[in-house]
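Chemist: Before we start, here is the structure in question, set down as structure tokens.
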């Protein structure tokens, strides 16, 4: 039994038509009344937190340019990718609140969908490069200077944005508006590239495109990097120098970012993979199972969206250097001095003064 299709009414990545996909009898429709009210509120919360948080990260990284760590450059671009996505959330909130009616025209339908997918790819690629950077810094600290130079980092960022842009292109090309009843919906339109009978193959291909290079492969690479890093740190744990301890603290922050990213995106990709297997005939889901997936899907998507506003708060919570930079660049020097006083009461006034400057500017 083939799937009825993954309704894209709550899915900004692949807007699948839940109705009659291949002439099959549809399952009972899911009641979306609760989602119409809840999801827009949730989107706007993510928008406000993501806009302010990622804006602070970008500003802080930009201001720290003379003494910027290599990791900071990737973190700044990660924040930029998240920011590009969260600015589209008011549009999706309006779309959902209006009962999935898109009043913004075809161009914004295409652009907003493109930015969502661009964010997903750019975020995971930035995290992968962050992990690789830590691998080089800790496992090959002496021989990796050239690979971690400013020019190499800029080249890697150019590759990240180029590949992210290319992988997100199907959304820009295939997404369009169409009238359905009294609503104008923002939907994937395969009519220009495929017959109705072959649409499932296009849907399956797009599903693989988002899950394999956008989640599974980067997660595998990051796991390999951290296995090597873990072995290195364990072997030399007792003899870590001060500089190595700084690398270890930064490593904890990056691992936290990766774990949170995986937790936020895993339910989305699991549901999408189950749908893909059902669509291609590898699974036979009952109507009740399909309805469960349909009901869970918007909330799995929301969890994925949360990742775009969480990262700045993770930096602030785990990274004293980032907090200090924020206080320093936004003029909260008294707050920073008080924080240092509480955490290091034995420091002399002169040491404390130099520590403020060091935390705010040192590599």
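Including glycine, each Cβ sits where the backbone N, Cα and C put it.
These came from Swiss-Prot, pasted as-is:
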type	residues	note
TOPO_DOM	1-38	topological domain 'Extracellular'
CARBOHYD	20	N-linked glycosylation site
DISULFID	27-287	disulfide bond
TRANSMEM	39-59	transmembrane segment
TOPO_DOM	60-77	topological domain 'Cytoplasmic'
TRANSMEM	78-98	transmembrane segment
TOPO_DOM	99-111	topological domain 'Extracellular'
DISULFID	109-186	disulfide bond
TRANSMEM	112-132	transmembrane segment
TOPO_DOM	133-152	topological domain 'Cytoplasmic'
TRANSMEM	153-173	transmembrane segment
TOPO_DOM	174-200	topological domain 'Extracellular'
CARBOHYD	182	N-linked glycosylation site
TRANSMEM	201-221	transmembrane segment
TOPO_DOM	222-249	topological domain 'Cytoplasmic'
TRANSMEM	250-270	transmembrane segment
TOPO_DOM	271-297	topological domain 'Extracellular'
TRANSMEM	298-318	transmembrane segment
TOPO_DOM	319-363	topological domain 'Cytoplasmic'
Chemist: Counting Cβ pairs under 8 Å that sit 6 or more residues apart, are there three or more between the transmembrane segment (201-221) and the transmembrane segment (112-132)?
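Modeler: The answer is yes, given that the two segments have at least 3 Cβ pairs within the 8 Å cut-off.
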Chemist: Based on Cβ atoms within 10 Å, give me the single least packed residue among the disulfide-bonded residues 109, 186, 287.
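Modeler: Taking 109, 186, 287 as the disulfide-bonded residues, the minimal 10 Å Cβ count falls on 287.
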Chemist: Per the definition of 3+ C-beta pairs under 8 A with sequence separation of 6 or more, do the transmembrane segment (39-59) and the transmembrane segment (112-132) touch?
Modeler: no
Chemist: What average pLDDT does the predicted model assign to the topological domain 'Extracellular' (271-297)?
Modeler: 85
Chemist: Give me the CA-CA distance between residue 109 (disulfide bond) and residue 287 (disulfide bond), in Å, as a whole number.
Modeler: 30
Chemist: Counting across all protein chains shown, how many other Cβ atoms sit within 10 Å of the Cβ of residue 182 (N-linked glycosylation site)?
Modeler: 7
Chemist: Any residues 6+ beyond the ends of the topological domain 'Extracellular' (99-111) with a Cβ under 8 Å from its own?
Modeler: 9, 32, 36, 91, 171-172, 175-177, 182-186
Chemist: Cα-Cα, whole number of Å: residue 287 (disulfide bond) versus residue 182 (N-linked glycosylation site)?
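Modeler: It is 27 Å, counting Cα to Cα.
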